[in-house]
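Visitor: The structure's right below; bear with me while I get my questions together.
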Amino acid sequence: SFEGRVEVYHDGKWGTICDDQWDDRDAEVVCRQLGLSGNPKALSWAHYGQGSGPILLDEVECSGNELSLDQCKKSDWGQQNCDHIEDAGVSCDPFTGTDLQLCASQLWSGTVRLAGGRSPSEGRVEVYYNGDWGTVCDDGWTDLGAQVVCRQLGFR
């Protein structure tokens, strides 16, 4: 649900994106556009399999700050020099490259609390580890982590 071949819908049809110039900044925009957080990673050479139908975009070059691919520098729609072996892919993996993962074993099995909230059911996530309370960095923090904390605290 957080990785695969990137396909776009334009002018009544779905198509793929060529991996020319495709990099992690482009992946960051795709993940943001899909509402996914995590560690954006661009994948090339039809890593998730070759698509079918038209190749709709080529030479996509995002800065990484755009809200959607439409805002990135790119070729005109349908203007490309690629084959489907060059279909672009993206992983928005919420389980890699995050501080959350580094402390996951402590968080999932240790003592956790919410601090600084307006009610007992909200606040900053803090964990007790090695005799001290500390916070959890929000890099890569997703609803999945929040659900685990809520369950651990007895909220449904």
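Numbers run from 1 along the shown chain.
Cβ coordinates come from backbone N, Cα and C, glycine included.
Automated prediction, rather than curation, is the source of TrEMBL annotations.
Annotations per TrEMBL:
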type: DOMAIN; residues: 1-93; note: domain 'SRCR'
type: DISULFID; residues: Cys18-Cys82; note: disulfide bond
type: DISULFID; residues: Cys31-Cys92; note: disulfide bond
type: DISULFID; residues: Cys62-Cys72; note: disulfide bond
type: DOMAIN; residues: 112-156; note: domain 'SRCR'
Visitor: Give the sequence-ordered list of residues that share a chain with Cys82 (disulfide bond), lie 6 or more positions from it, and have CB atoms under 8 Å from its CB.
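Guide: Looking at Cβ-Cβ distances below 8 Å from Cys82 (disulfide bond), excluding near sequence neighbours, one finds Cys18, Asp19, Asp20, Ile55, Asp58.
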Visitor: For Cys31 (disulfide bond), list the number of other Cβ atoms lying within 10 Å of its Cβ atom.
Guide: 23
Visitor: Provide, as an integer number of angstrom, the distance between the C-alpha atoms of Cys92 (disulfide bond) and Cys62 (disulfide bond).
Guide: 16
Visitor: When you tally the Cβ atoms that lie within 10 Å of each candidate's Cβ, which of the disulfide-bonded residues (Cys72, Cys92) has the highest tally?
Guide: Cys92
Visitor: About how far apart, in whole Å, are the alpha carbons (Cα) of Cys72 (disulfide bond) and Cys31 (disulfide bond)?
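Guide: Rounded to a whole number, the Cα-Cα distance is 14 Å.
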Visitor: Would you report the average pLDDT that the model assigns to the domain 'SRCR' (112-156)?
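Guide: Here the predicted model's pLDDT, averaged over the domain 'SRCR' (112-156), is 81.
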Visitor: From the Cα of Cys62 (disulfide bond) across to the Cα of Cys31 (disulfide bond), what is the distance in angstrom?
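Guide: Approximately 12 Å lies between the Cα of Cys31 (disulfide bond) and that of Cys62 (disulfide bond).
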Visitor: Mind tallying the domain 'SRCR' (1-93) by DSSP state, helix then strand then coil?
Guide: 16 helix, 29 strand, 48 coil
Visitor: Within 10 Å of the Cβ of Cys18 (disulfide bond), how many other Cβ atoms can you find? Include all protein chains, please.
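Guide: Looking across every protein chain shown, the total is 24.
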Visitor: Specify the count of other C-beta atoms within 10 Å of the C-beta of Cys62 (disulfide bond).
Guide: 23
